[in-house]
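Here's the structure we're looking at; comments come further down.
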């Protein structure tokens, strides 16, 4: 018996074509839209009314909760009285440094203007946060959380928790960010913080000294027997903080986009700019509340009560308030404890990441290093009559024209690719000097801290492997101490005073990327540099200059009046729902025309 081939009409072929196109369109990485207004708010986090920076009336700001590979569109309206940029701490902006939100890549958003960030959270998972990157504004707030979830097809190396909690721990000053900025310029040490905030609130009145203060405080509501993921960020400006929860263990599972070897800690030192995820099981009786504590480390404050943030972990079954002494912190001056704790954090090489291949498949210890930089930070000093801070003897001077724009338009004289690979025997100077990275090269950077306080170094655009840290001066022999197998990959690492930290980074992300000390006073006084990574071949997948670019400096003549931006806040529909509507309309039109 012979079968006849199926008969397809013209209409059938169109329908098949349409369904194929629809499938492709709807399977694309989705878009999510956010509409944010950044403005001053009045709050009393330490019992005194003061001006803070909030987003959409929230302090801290809203959480950006997305899934890996999603496209994120954030329309930012600047209602402050000075220019603004938001940067996305730890987001790599693959081939798209235009969205990084720092002065080397973007002109700041003028007061009263808005600007739309558009970026993809490509091949990342984990816990991050955003904050204002200019004018010392981070000291007034403006920060919020970023959660990047795994796609469903990628397993998570732990059971799905019963809840997700974001906590911001931060040192806080009752002076305004503008006053603190002037203090830094005048060499007035702003000293120990006036208090520690947890999610924008001051301490729970756990002592008689605080009992009459009328402080608002934070409360985290939980159910007994359940496990919660606590994403904890040090969003402060200067101070290492020790985090702990009374009578509860902290099971570390992730830090800044890397799954870690799962280990229990009773407390964790979290340095400025760092982010950690812990699983915390509510395994206590639940008959009362418990203290959540963040306290200062390595400070010279004479008042310990001022520098301790306390919130409440409230069980639904609780019959009474938290009681007893606060859980003990580590010995205040014991930097060895903190360093050993940091060394104990290892990469979980058997876990999947944002992509199907295991994180451990990248054998970083077997790659030949192409460039070595030894970067030494020194205490602030006067250069040409002004207080400045240096890296390798150079205090970075932000030019009026962003580096990335100058590169795009071939404007000479804005910066020089001459940042020294080691400190040079010369007087310190102020300059716009840039590191020259080799595309797809493997760079080793050693941070040597010659200051008296802990410093946090952050690199935009990348996750780097923290391979070693120790006290004393780094030498070539120090490489024998490196962890070349499972060093954690992250974007922010601490360097203890009188010590060094070594990192390895694979330069596969073309762009102009900011390398800075995250301690705000150091950053403001010039302890930053940019890393220039150029793909020598034409890369059509690298993002071109955005159509809504703001121009400044030598490119100011290109700036037109601000165009009207789209307001997304009133729409609850995703791009997929919109696409379905458009495709359905096209389908109806096609069928109608064919039926005529």
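Glycine residues also receive a Cβ, built from the backbone N, Cα and C atoms like all the rest.
Summarising the annotation, TrEMBL assigns signal peptide to 1-27. Annotation comment: TrEMBL describes 38-151, 164-317, 401-536 as domain 'Plastocyanin-like'.
Within the domain 'Plastocyanin-like' (38-151), the DSSP-based counts of helix, strand and coil residues read 7 helix, 52 strand, 55 coil.
Within the domain 'Plastocyanin-like' (401-536), the DSSP-based counts of helix, strand and coil residues read 17 helix, 60 strand, 59 coil. In this model, the domain 'Plastocyanin-like' (38-151) carries an average pLDDT of 97.
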